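J.: One structure follows; several queries about it will come next.
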């Protein structure tokens with residue numbers, strides 16, 4: 001297991017970084033619609049027999065998320081059956097195959113089908129990686145390591161925004177296939193998560209892995225004891241688990257986090273970023289603005305990694321939603337002014353780009369990064385795979401809704417009202433986070449479960465009574 005890495009803490013960072021490399025390709029495929037829909041709709045650049053229609057474009061952008069609502073239903077079982085590590089490797093194979101098919105595709109339906117498969121693989125990866133990372137990391141590094149997912153996803157998005165507009169559709173497909181192959185190979189040499197090994201009765205392997213990761217046999221034994229409690233407590237069928245009060249409370253918080261993260265409109269803005277920038281009719285080049293915004297997203301993810309284990313999770317979330325609210329209000333204001341035939345001069349040329357930078361920075365530095373940290377933290381033991389899977393099904397469905405109907409919504413009520421509607425969700429999200437979301441920073445999974453069950457509050461009250 002990574003013999004080059006001697007220090008336990010460094011070993012954790014190295015393992016989680018390697019398993020997150022696949023997320024770069026997920027970022028690339030998430031950003032794919034931004035430059036490629038422009039090419040596919042252009043008569044001279046489209047590799048198809050004809051340019052795609054707006055309806056076909058909306059299906060190409062959103063179909064992957066729709067398929068996830070069905071395929072992810074089986075992922076919890078698969079993650080527990082074959083392990084987190086092999087699930088990560090498994091996601092790369094269909095993406096390589098579909099990339100090759102895309103090179104020779106001449107019909108829009110082939111792209112829609114291919115995007116459905118790639119989208120399902122991406123969300124499979126987004127389910128397995130946070131679970132793996134949370135089980136490799138100790139409680140002190142779990143937050144910062146969890147934010148690597150958003151950081152490397154942002155890097156993948158930036159790669160697409162920097163390469164996509166300037167190369168042909170075919171060249172990009174070749175680059176994407178090569179990237180998937182490159183990131184899959186190192187994962188083969190990683191250990192599976194110690195919790196998974198323990199749950200499969202491989203106690204000695206789990207002990208060796210934990211000793212290597214925690215730096216001492218004593219710490220490893222303590223963690224194995226917690227695994228034993230979790231496995232014995234939660235070795236029930238899924239139906240019984242869904243009747244457990246603490247699990248349902250965790251699931252409820254996770255689902256609301258899903259709704260809040262998606263109805264800020266980030267994915268709608270991200271998928272159609274270049275199209276939005278073209279529609280502003282400003283002097284700023286859409287391709288350049290799109291790249292700048294993507295680089296800002298990487299910076300935001302790095303900032304999230306720095307502050308996640310230093311600040312309260314709830315404070316970061318509140319700051320995130322307030323920032324997104326400001327950006328969306330400003331973006332809506334720009335489109336309202338253009339609807340009223342206000343001349344776009346001076347500062348107004350840069351208002352859309354500045355607004356989008358604020359939205360994307362605040363999302364990536366806040367809810368976009370913390371979502372992948374918080375959701376796995378809310379669940380304990382075998383319930384984690386089921387809980388995260390259900391959360392991902394909800395996220396997938398909401399991404400489909402926002403990306404499929406975003407163009408229709410902007411046509412129906414106008415872009416200004418669309419962005420202002422998203423901003424209202426940010427206000428509601430702030431209220432929910434303040435009153436309902438527990439702070440998990442620096443806590444073990446057992447401590448988080450105690451807080452969710454109210455046991456921690458009872459213990460404090462008993463101490464005060466004495």
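Using the three backbone atoms N, Cα and C, a Cβ is placed for every residue, glycine included.
Source: prediction; values computed, not measured.
Sharing the feature lines straight out of TrEMBL:
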{"type": "TRANSMEM", "residues": "12-32", "note": "transmembrane segment"}
{"type": "DOMAIN", "residues": "15-441", "note": "domain 'Major facilitator superfamily (MFS) profile'"}
{"type": "TRANSMEM", "residues": "59-79", "note": "transmembrane segment"}
{"type": "TRANSMEM", "residues": "86-105", "note": "transmembrane segment"}
{"type": "TRANSMEM", "residues": "111-133", "note": "transmembrane segment"}
{"type": "TRANSMEM", "residues": "145-163", "note": "transmembrane segment"}
{"type": "TRANSMEM", "residues": "169-190", "note": "transmembrane segment"}
{"type": "TRANSMEM", "residues": "246-268", "note": "transmembrane segment"}
{"type": "TRANSMEM", "residues": "288-308", "note": "transmembrane segment"}
{"type": "TRANSMEM", "residues": "315-335", "note": "transmembrane segment"}
{"type": "TRANSMEM", "residues": "347-373", "note": "transmembrane segment"}
{"type": "TRANSMEM", "residues": "385-406", "note": "transmembrane segment"}
{"type": "TRANSMEM", "residues": "418-437", "note": "transmembrane segment"}
J.: If you average the pLDDT over the domain 'Major facilitator superfamily (MFS) profile' (15-441), what number do you get?
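T.: Mean model confidence (pLDDT) across the domain 'Major facilitator superfamily (MFS) profile' (15-441) is 83.
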J.: Are there 3 or more C-beta pairs under 8 Å linking the transmembrane segment (111-133) with the transmembrane segment (315-335), counting only pairs at least 6 apart in sequence?
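T.: In this chain the transmembrane segment (315-335) does not contact the transmembrane segment (111-133) - fewer than 3 Cβ pairs sit under 8 Å.
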J.: At a Cβ cut-off of 8 Å, and with pairs 6 or more apart in sequence only, do we get at least 3 pairs between the transmembrane segment (385-406) and the transmembrane segment (86-105), yes or no?
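T.: Between the transmembrane segment (86-105) and the transmembrane segment (385-406), which are separate recorded stretches, there is no contact, as judged by 3 or more close Cβ pairs.
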J.: In terms of Cβ proximity under 8 Å, which residues at least six beyond the ends of the transmembrane segment (86-105) contact it?
T.: 19, 22, 25, 29, 47-48, 75, 78-79, 111, 114, 117-118, 120-122, 124-125, 127-129, 132, 169-170, 173-174, 176-177, 180-181, 183-184, 187-188, 192
J.: Same chain only, please: residues at least 6 beyond the ends of the transmembrane segment (12-32) with a C-beta under 8 Å from a C-beta of the stretch. Say none if there are none.
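T.: For the transmembrane segment (12-32), the nonlocal Cβ contacts are 1-2, 5, 64, 85, 88, 91-92, 95, 115, 118-119, 122, 125-126, 129, 132-133, 136-138, 141, 145, 148-149, 152-161, 164, 176, 179-180, 183-184, 186-187, 190-191, 213, 267, 270-271, 273, 294.
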J.: Does the transmembrane segment (288-308) make contact with the transmembrane segment (145-163) through 3 or more Cβ pairs under 8 Å, each pair 6 or more apart in sequence?
T.: yes
J.: Quickly jot the same-chain residues contacting the transmembrane segment (145-163) by Cβ under 8 Å, restricted to those at least six beyond its ends, or write none.
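T.: Hits for the transmembrane segment (145-163): 12-13, 16-17, 20-21, 23-32, 34-35, 126, 129-130, 133-134, 136-137, 172, 175, 270, 273, 290-291, 293-295, 297-298, 300-302, 304-305, 308, 364, 368-370, 372-373, 376.
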